[in-house]
Amino acid sequence: MDWGTELWDQFEVLERHTQWGLDLLDRYVKFVKERTEVEQAYAKQLRSLVKKYLPKRPIKDDPESKFSQQQSFVQILQEVNDFAGQRELVAENLSVRVCLELAKYSQEMKQERKMHFQEGRRAQQQLENGFKQLENSKRKFERDCREAEKAAQTAERLDQDINATKADVEKAKQQAHLRSHMAEESKNEYAAQLQRFNRDQAHFYFSQMPQIFDKLQDMDERRATRLGAGYGLLSEAELQVVPIIAKCLEGMKVAADTVDPKNDSQVLIELHKSGFARPGDVEFEDFSQPMNRAPSDSSLGTPSDGRPELRGSGRSRAKRWPFGKKNKTVVTEDFSHLPPEQQRKRLQQQLEERSRELQKEVDQREALKKMKDVYEKTPQMGDPASLEPQITETLSNIERLKLEVQKYEAWLAEAESRVLSNKGDSLGRHARPPDPPASAPPDSSSNSNASQDNKESSEEPPSEEGQDAPIYTEFDEDFEEEPASPIGHCVAIYHFEGSSEGTISMAEGEDLSLVEEDKGDGWTRVRRKEGGEGYVPTSYLQVTLN
């Protein structure tokens, strides 16, 4: 079934229908355009939201970035940002494949429709002109017939009139004959015009207009097909990003599952562990009789003039009351303003940074030397003297960095010794089995304090060797057991002299077996090839796990 056969007389209906189809196409294009604007605004708002909540500080300078909760939140923000990117992709695809292409296609359809209806109107105008000519020839034939009949009646009346002259009768007969001839010509013209109009009308209704209507039908069906494809593009644009959006959602779920409260608790310990020993018991100060007491940071001393004096009040108060308001501290180069454990970590970071800078300068010096040798052998490539300023500057930087490395190594050793001293003091005061080694061996002054505190404990008998007694008394028993299997190997980066109980000496470049990993206290348990196990600073090792 086609429009040319079934709708041959519905020219205006087809005109309205095709116009409605083009209007629908334009409405859909406008709808998709506004949809893309919504998607773009949505994506823009999502990106602004992500930017608002992303951490402002770099990761290396943000301690909160070490917590799994913060890492998961940042991961979720990144996934939301990727999700916004997919919404922008949907908007772009809809804008290009639907808005631009369908808008261009709509203009082409409008031009084609206009051409077909102009052709139909021209054919209709031609048919109307033919019908007007037919009507004119018909009216002329009718008029000539009446005139011929009137002239014949006049000639017949004069012929019968006895008073009429012969000339009048002849004239009337000639007029009647002329009129009759004109009527005959009008009849022939009318007949020819009628035949021509019928032929044109048949051609108009059975050939010309059906062809135009069929073209309009084909155009409308092509428009409908293209519009249906445009409807499909709306869902296709969404389906294209579904896999990526699914990955974004899966990434959010993974980020949620990676929150580790236990690990965050350990991270908090690593970030803020001070390394201070817990305050000991406050000694009883008997003022009823003169006594000689050893001054301490947490006791009242009696000076030589007999008046009681608070010794080390500021320092002991700061340690005894950890929840009090902290005084403003002055930042120092050796980080001595920080708690012992934090000082050790910062010094270790600075030492690693200086070591990397030193190695970079050494590599640059070697490269400059090689370039200088090439210039000396091949002068046309360059002047060797031009490299002298750079070599001199590099050597100066190397010497400066070596001094800084030695300075930080000394500070780090002192900090590690202080951490171990505080750990020993705490263990001695509370008389409980110590944890695995968390600090470096104590110095002599620390051992003296630990020995004095141990004498005051009711669970440990006093000993004259308290000052030299090792802090990690259980390590001797551990070493007597069957040696544990190594879990990796490591190489000593620096020389270390293990002079305290529980530690072991190692030479720079020495290969060692890894027995126990660093548990967050800065010490690693290793075994030498020639025998013997002990703890060494983790920062002095390059560790490789099995």
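Backbone N, Cα and C define each Cβ position, glycine as well.
For 124-175, the entry in TrEMBL reads coiled coil.
Annotation comment: TrEMBL describes 289-302 as compositional bias 'Polar residues'.
Feature annotation from TrEMBL assigns compositional bias 'Basic residues' to 314-328.
The compositional bias 'Basic and acidic residues' annotation in TrEMBL covers 351-370. Counted with DSSP, the compositional bias 'Basic and acidic residues' (351-370) comes out as 20 helix, 0 strand, 0 coil.
Here TrEMBL flags 441-452 as compositional bias 'Low complexity'.
As annotated by TrEMBL, compositional bias 'Acidic residues' applies to 474-483.
Annotation source TrEMBL lists domain 'F-BAR' at 1-264.
On the 0 to 100 pLDDT scale, the model's mean across the domain 'REM-1' (337-414) is 87. What TrEMBL records for 337-414 is domain 'REM-1'.
As annotated by TrEMBL, domain 'SH3' applies to 485-546.
As annotated by TrEMBL, region 'Disordered' applies to 280-370 (among others).
Among the features that TrEMBL reports, region 'Disordered' is placed at 422-486 (among others).
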Item to check | Helix, strand and coil counts within the domain 'SH3' (485-546) (DSSP) | outcome: 3 helix, 30 strand, 29 coil
Checklist outcome for this item: Per DSSP, the domain 'REM-1' (337-414) contains 72 helix, 0 strand, 6 coil
